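According to Swiss-Prot, the features are:
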DOMAIN    14-125  domain 'MTTase N-terminal'
BINDING   Cys23, Cys59, Cys88  [4Fe-4S] cluster 1 binding site
DOMAIN    149-378  domain 'Radical SAM core'
BINDING   Cys163, Cys167, Cys170  [4Fe-4S] cluster 2 binding site
DOMAIN    381-452  domain 'TRAM'
Amino acid sequence: MAGGAVMTSTPTKPTVAFAHLGCEKNRVDTEHMVGLLAQAGYGVSTNENDAAVVVVNTCSFIQDAREESVRTLVGLAEQGKELIIAGCLAQHFQDELLESIPEAKAIVGTGDYQHIVEVLQRVEAGERVNRVSAVPTFVGDEHLPRQRTTDQAVAFLKVAEGCDYRCAFCIIPKLRGDQRSRPIESIVAEAHQLVEQGVQELILISQITTNYGLDLYGKPKLAELLRALGEVEIPWIRVHYAYPTGLTPEVLAAYREVPNVVPYLDLPLQHSHPEVLRAMNRPWQADVNDRLLDQIRDQLPDAVLRTTLIVGFPGETEEHFQHLMEFLRRQRFDHVGVFTFSPEDGTAAAELPNPVDPDVAQARKDALMALQQPISAERNHSWVSRTVDVLIEQHNPQTGQMIGRCARFAPEVDGEVHVQPGEDGQKAAPGTMVPVQITGADVYDLSGRIVGARDMVAAIRADA
């Protein structure tokens, strides 16, 4: 979570600090809790030194995330802080956390963060509070106060909560419940609110965004949602977490026809081999991987493709892994993230036989990343000499250099564009979007300079 205080008005009650861990969906929950407490008159800060009580919104997706959450909790407890533990770790281990951390004054589940003010008031009255619904059912909307903690120009917009799928390796349905979609009108209303705050990029998030609306309307409605959001005056709309089978012709047509939807597809494919996918409880996917990617590239020639993969899944053989290597070599993704399998208690995969040695899994991860790096470099180099819009996010007043992102880079997970002033010294402030001619590229990042009017006139005359 970004440093510094995030108060919107003079508080009338004590200051509460926040520590945020985990994914963008967790971040939105944090922002709602911040907004609710600020509305109730509490001061809110991201610096734990400002407060005696710290709300820690935790992650429990994989073992590394759990350990980071626990380290954060223990560190704050050793500083003498009183803790309100929220989020996925709280949903997962509520009783154990209350027993093992005396400084934990309250536990708040993933479907209960809207009660944060009541919880804090009960803590202040001397209670120890367990506010965890056994089955999360809540999903926030545009009426729930929210105070953003991200860069001024970027906002995550949660379109649904929970997940109806049961992938063998994933614990998310146990932590966040079944899918609950928001109405299209609610999402569009919040989008307008965010635009009024100066947001230039909306990132649509849920567990499976291509399944948006299935529970609410009886069929997926992502295409209709994108077309409705196309009426919102915002430069970029980005979609995260697209399940392969949900990329229907209607959805791809919306990508192609709605001008402010960027052609960036985040596809968590996980693997390529049919036997591994069957063990992951994703048996249908092997039939669509290559065909789907061909369709995307046919309909969206400038599409930027990101995927995430899992290696070391129980039973993964060297043959399975080589199949995945060949798939990656053939498909030439722009961006790839690779994870080694982490067995999660309560998931089907945790009970599977034939575990892969951790050293073998790590070696496979390293091999995939080594294969992908020159592909990513080549994909980036294909953008050299193009002029693209760049959203400026940082500016160094000493050097004049700026850092931003073009549409091919999502925040935090992808690269950056390092921007030099234009030939006449043109600069841009954070939160603004400017044309930049790309002059260089490496594995992860691009570099370029701002294009001024003189450059644009010269380019047009050269093309005439």
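A Cβ is built for glycine as well, from the same backbone N, Cα and C atoms used for every other residue.
What Swiss-Prot annotates, mapped onto the structure for a quick look.
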| residue | record | DSSP class |
| --- | --- | --- |
| Cys23 | [4Fe-4S] cluster 1 binding site | coil |
| Cys59 | [4Fe-4S] cluster 1 binding site | coil |
| Cys88 | [4Fe-4S] cluster 1 binding site | helix |
| Cys163 | [4Fe-4S] cluster 2 binding site | coil |
| Cys170 | [4Fe-4S] cluster 2 binding site | coil |
### Task
Can you grab the distance from Cys23 ([4Fe-4S] cluster 1 binding site) over to Cys170 ([4Fe-4S] cluster 2 binding site)? Cα atoms, rounded to a whole Å.
15
### Same chain, 6+ residues apart, C-beta under 8 Å of the C-beta of Cys163 ([4Fe-4S] cluster 2 binding site), given in sequence order
Cys170, Ile172, Pro173, Arg176, Asp178, Gln179, Gln207, Ile208
#### Entry: Near-site residues: [4Fe-4S] cluster 2, ref Cys163, Cys167, Cys170, CB cutoff 8 A to centroid
Tyr165, Arg166, Phe169, Ile171, Ile172, Pro173, Gln207
### Message
Taking only the residues in the domain 'Radical SAM core' (149-378), give me the average pLDDT of this model.
### Response
95
### Query
How many helix, strand and coil residues does the domain 'MTTase N-terminal' (14-125) contain under DSSP?
59 helix, 28 strand, 25 coil
### Task
Measuring CB to CB from Cys59 ([4Fe-4S] cluster 1 binding site), give everything in the same chain under 8 Å that is also at least six residues away in sequence.
Leu21, Gly22, Cys23, Asn26, Ala65, Arg66, Glu68, Ser69, Gly87, Cys88, Leu89
### Task
Other Cβ atoms within 10 Å is the metric here; tell me which of the binding-site residues Cys23, Cys88, Cys167 scores highest.
Cys88
